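Okay, so here's the structure we're looking at.
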């Protein structure tokens with residue numbers, strides 16, 4: 001049953017990709033979707049069997065690498081962390097498959113699309129279930145390649161080509177550091193198996209652990225779109241909307257967070273890595289929230305919202321609250337997938353226009369889309385009793401409950417980020433559904449409310465976004481829970497803060513995020529309704545224009561990368577390639593070797609002058625040299641060097 005969970009999506013991908021012409025569009029949709037649904041049902045069963053009953057399971061298929069002390073198996077490990085990650089990955093993937101049947105119904109390449117979706121899901125399952133870093137790295141590379149294929153699905157569009165290449169190359173930076181971290185692990189621990197590495201970690205030097213942790217953190221930064229390696233995330237919106245929901249809700253962007261959670265027995269011994277995670281997540285949260293407030297593309301706003309929530313998860317990891325990071329990851333997967341698919345329903349209904357300034361007044365035309373986006377937004381801003389409330393607010397409380405200066409500052413920074421999250425959520429809802437119509441008349445005449453394949457996944461995800469957090473909060477973050485008793489997480493005793501967060505936090509700081517959320521929601525709607533002209537007038541002033549340009553252009557980070565880093569690297573690479581090519585081909589390679597042999601033969605040939613005295617001189621020199629060889633013990637290499645020097649000297653003369 002466990003191997004069926006892993007390999008059934010791969011089988012669906014192969015059938016749809018290689019035999020798509022034989023089975024047709026409906027056959028590809030039916031086979032891939034049914035295989036993913038079966039896999040999801042088995043994963044839910046395993047969630048109860050492995051997670052609730054605390055019965056971890058390891059499956060070793062065959063020996064992959066056997067070289068002296070390095071022994072790496074192709075094996076899979078199912079524990080509470082694995083089955084918890086499989087739940088959002090497979091539920092969202094199955095709903096995206098169903099949604100895509102309706103959303104991509106007019107696309108001529110359905111077989112290829114569903115093959116890519118299933119292959120993406122398979123690679124994510126490999127990443128999550130691997131029992132060693134090398135197999136997990138295979139999954140990381142696999143989801144990177146599949147994301148390139150999916151973002152570039154409409155490969156005739158130049159923007160899709162550029163975005164997919166940007167995403168691929170940005171992730172290669174993180175993968176490079178992840179590879180370096182794996183090399184250090186092999187060199188220091190002698191293996192890449194989780195159990196071996198985590199068992200030996202307490203006995204190693206902290207500098208080694210810090211170096212490995214930083215490499216793993218940079219690898220996670222690329223996959224989970226943390227500041228510095230975040231530029232690919234909004235550009236990946238060029239792919240179809242179901243792809244955006246799959247990549248940015250439950251799969252690729254969570255891979256980096258999962259890597260850090262899985263490596264908790266390693267990074268817990270390095271306070272440097274934990275403090276880096278704490279501040280990296282805080283800066284990412286407020287940075288992405290500010291940028292999201294000034295975007296006009298509905299999918300890009302949701303993408304920056306994803307980046308902000310990933311920053312929250314990294315904050316939780318920096319606080320050593322790994323179960324809290326996992327709980328927020330699972331909750332976030334459901335309501336963020338709901339946001340993306342709801343945005344896709346709106347885009348699908350208004351002639352594929354993504355600028356929400358050209359929407360307005362869609363509430364009477366799309367009541368279901370309005371309802372589900374309202375539910376998802378309420379969960380995103382952590383309104384009480386929605387799923388996001390039980391995890392997001394607890395992360396903020398944990399930051400304040402650690403009672404260190406860094407964590408206290410991070411609490412206020414993340415709270416400000418949550419305030420901006422509220423503002424852009426209200427902005428999207430207001431400009432899309434509530435304000436006066438701003439789009440072409442044809443968009444409203446031809447509004448399509450979607451079919452059962454589009455609406456059913458939205459309803460299911462809305463139910464998860466409302467109830468999942470409440471139903472599972474005691475399982476994931478309850479003080480008496482035994483869900484993680486199999487020790488998949490390791491928290492150093494000096495980093496344990498759950499009790500302080502639960503009992504020592506002032507009520508004011510528990511209610512502060514909720515107060516800001518409600519207040520800013522009211523202020524945002526009132527300001528847009530009654531004082532909108534003031535904002536427009538300020539925007540046309542020099543100060544307002546400069547502020548808006550800075551935030552709308554994403555703090556000019558892409559401009560800096562393109563003009564100062566990318567160009568420099570390209571020039572340096574060009575010069576290096578030129579020098580190495582000249583050195584390897586013209587001096588040492590085939591051309592250089594041929595040239596040197598020809599020169600040597602000419603030097604030897606020039607000794608034949610036709611003059612008797614010259615030949616007599618050669619004979620005399622050779623005789624003297626031979627006599628000396630009888631009495632001197634000279635290495636043969638030195639003799640060859642002397643002969644080469646003599647021939648070179650003669651040639652110069």
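Using N, Cα and C of the backbone, Cβ positions are placed for all residues, glycine too.
Computed from a predicted structure; not experimentally measured.
The transmembrane segment annotation in Swiss-Prot covers 30-50, 81-103, 120-140, 177-197, 200-220, 241-261, 301-319, 365-385, 403-423, 452-472, 511-531, 610-630 (among others).
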Within-chain partners of the transmembrane segment (30-50) [C-beta distance under 8 Å, separation at least 6 from its ends]: 1-2, 4-5, 8-9, 11-13, 15-16, 23, 56-57, 78-80, 82-84, 86-87, 90-91, 93-94, 97-98, 101, 114-115, 117-118, 121
Intrachain neighbours beyond the transmembrane segment (365-385), with Cβ under 8 angstroms and 6 or more residues off its ends: 305, 309, 331, 334-336, 338-339, 342-343, 345-346, 349, 392-393, 418, 421-422, 425-426, 428-429, 432-433, 444, 447, 449-450, 455, 458-459, 461-462, 465-466, 469-470, 513-514, 517, 521
Distant-in-sequence neighbours of the transmembrane segment (511-531), which means Cβ under 8 A and at least six residues beyond its ends: 381-384, 392-393, 396, 415, 418-419, 422-423, 426-427, 430, 435
